[in-house]
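One structure below.
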């Protein structure tokens, strides 16, 4: 009895906490805690209710979904309650859901249940009612019983039909409103301060001025029809498409649980390629009649469960903001964090981007911050928990001199980045420039790791790029005996000197890239090399560009920013001296290019699936030689998708974006010279 009384007190405490956070999340669109922390509160509450079933009868709060509607909007009653879903956090939870479902439907264990597997969009749930084919009312989910009337705002959403043909006289559809990540970034760049895309979508829908909502580029996906005549969820989604609604393309139907788990893993591993936030996979019993038999609990349907992804966000303490100097002199602030597990990866550092980002989010050393990790993207700080901030924490002061060399810093026009003026006097810049110079896509000198470069620099054996090619001579004439130092032996030294000598014959493209000129990446270096063909022609044209104010370049795909960077680089005497010293040690080969006549010259292409004629890396080289730019991600700017065997999700995405799809054979033809 005493245990139950203690449990009741803990349950009341949890209910108050959850209710508080529901208001912040569903009404104010300003959550204080992460989704993972909220899920943990709900998990603790469910543990108590499962251990003490009698408390369920007095726990009225569990019947509520979300929070009461905002009083700024008219209240709307849902004729059919809008439920939330139960969550699963591992495969065992999903398997238990399958077992419960089979038991409820009197299905044998050896029989399977077809499931509709759909993405769980991290947005705002909404309902739209049509009367006689015309949009009548739209509302939020609210607490499940009552929502907010958002009809005027919802009508501003692009691609939402205002009139539907061949529909029942009374039709209610439900879905999720969201905002793309790229539109979210632009929204914050325009002066807003939303913590994440979900908050941005919810806040935009709840604007009192629908003209503001119209500017926010909201999108939606529909996922259900209330009281549908369809026989399956698969048929239901198809019917929504027929009526003109946006329906998510990443959906499969399967009666194989392993295939359902594989779908989860595929989406989880590739979610960074999807331009909107998803936080799990929803498994629904595909048969609508079975859904009706299963029914609902007070809070959620028994015929569906949301298998949540591991938290992509987590809260931890920011211990220090350090400044990293790159090879171009950019001062990049880095957050040094208390170690935190995010999606199975231990994160200790996160990007803070620039000075403006720190000031906009008011990030301070000692703060507790929300860290987000998506795919292979560098972890980023998306928000600060200011409720946990103590009074002694002061605003971060961005350095006015370079932390590495003490040189003054400056902010370039129309840029957020701050630069060190030290250049060749800045240790960090020099080391980063040398590291870039010896990298795989530049001189490709194997044996020059970060530790080795730092050692040679501290021994004053390599203080600039040219020193690499006199290293062997310097060592033989110095008192430093590498053989006596840890990590160096006769063989490792011989291998290093051999790699340096082998690198002395280099293509013009790799040479240009190796110089580390601002805005000159691998692709631009290839365009310049193809255009000028020889080192002598390129160098002389660069001198003209730097010395003659009226002289400019007219090269396809080379913009004014890049030309300005070339002009600045070749205007500096120390850069010219460095190049002239370098070429004394090198043989720079001319570019043999026939790419101008290729049908994919100047095009952006993406590969998907397995190629039968060559490896992916060989295909990349072939395409780039033909003048194309090979990208790993698909967007509306992509010109061609090259589809091999067993193409992935990019194939469907290309169709939706109207990107032209080429077979492997056709791509091979396109890479040929059109003169042949």
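Numbers run from 1 along the shown chain.
Cβ from N, Cα, C; glycine included.
Marked as NAD(+) binding site by Swiss-Prot on the basis of sequence analysis: 35, 36, 37, 38, 39, 84, 85, 118, 141, 176, 284, 308. The active site, N6-AMP-lysine intermediate annotation in Swiss-Prot covers 120, and the record cites sequence analysis as its basis. The Zn(2+) binding site annotation in Swiss-Prot covers 402, 405, 420, 426 and rests on sequence analysis. Per Swiss-Prot, domain 'BRCT' is recorded for 595-676, and the stated evidence type is sequence analysis.
Structural mapping of features recorded in Swiss-Prot.
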{"residue": "37", "record": "NAD(+) binding site", "DSSP class": "helix"}
{"residue": "85", "record": "NAD(+) binding site", "DSSP class": "coil"}
{"residue": "120", "record": "active site, N6-AMP-lysine intermediate", "DSSP class": "strand"}
{"residue": "141", "record": "NAD(+) binding site", "DSSP class": "coil"}
{"residue": "284", "record": "NAD(+) binding site", "DSSP class": "strand"}
{"residue": "402", "record": "Zn(2+) binding site", "DSSP class": "coil"}
{"residue": "420", "record": "Zn(2+) binding site", "DSSP class": "strand"}
{"residue": "426", "record": "Zn(2+) binding site", "DSSP class": "coil"}
Neighbours of 402, 405, 420, 426 excl. site residues, C-beta within 8 Å of centre, Zn(2+): 325, 329, 401, 403, 404, 406, 407, 409, 421, 422, 423, 425, 427, 428, 429
Candidate recorded positions 37, 85, 120, 141, pick with smallest Cα gap to residue 405 (Zn(2+) binding site): 37
Rounded Cα separation (Å) that holds between residue 426 (Zn(2+) binding site) and residue 37 (NAD(+) binding site): 44
Per-region confidence, the domain 'BRCT' (595-676) (mean pLDDT, whole number): 82
Recorded positions listed as 120, 141, 284, least Cβ neighbours within 10 Å: 120
Residues near residue 37 (NAD(+) binding site) in space but at least six apart in sequence (CB under 8 A): 315
Those binding-site residues listed as 85, 426, and which of them has the most Cβ atoms within 10 Å of its own Cβ: 426
Distance from residue 420 (Zn(2+) binding site) back to residue 141 (NAD(+) binding site), taken between C-alpha atoms, in Å: 52
All-chain count of other Cβ atoms within 10 Å of residue 39 (NAD(+) binding site): 15
From recorded positions 120, 402, 420, the one whose Cα lies nearest residue 284 (NAD(+) binding site): 120
Densest Cβ neighbourhood among 402, 405 (binding-site residues), 10 Å radius: 402
C-alpha spacing of residue 39 (NAD(+) binding site) relative to residue 402 (Zn(2+) binding site), in angstrom: 44
For residue 420 (Zn(2+) binding site): intrachain residues, at least 6 apart, with Cβ closer than 8 Å: 325, 329, 331, 402, 404, 405, 407, 409, 426, 429
Integer Cα-Cα distance in angstrom, residue 85 (NAD(+) binding site) to the residue listed as 'active site, N6-AMP-lysine intermediate': 10
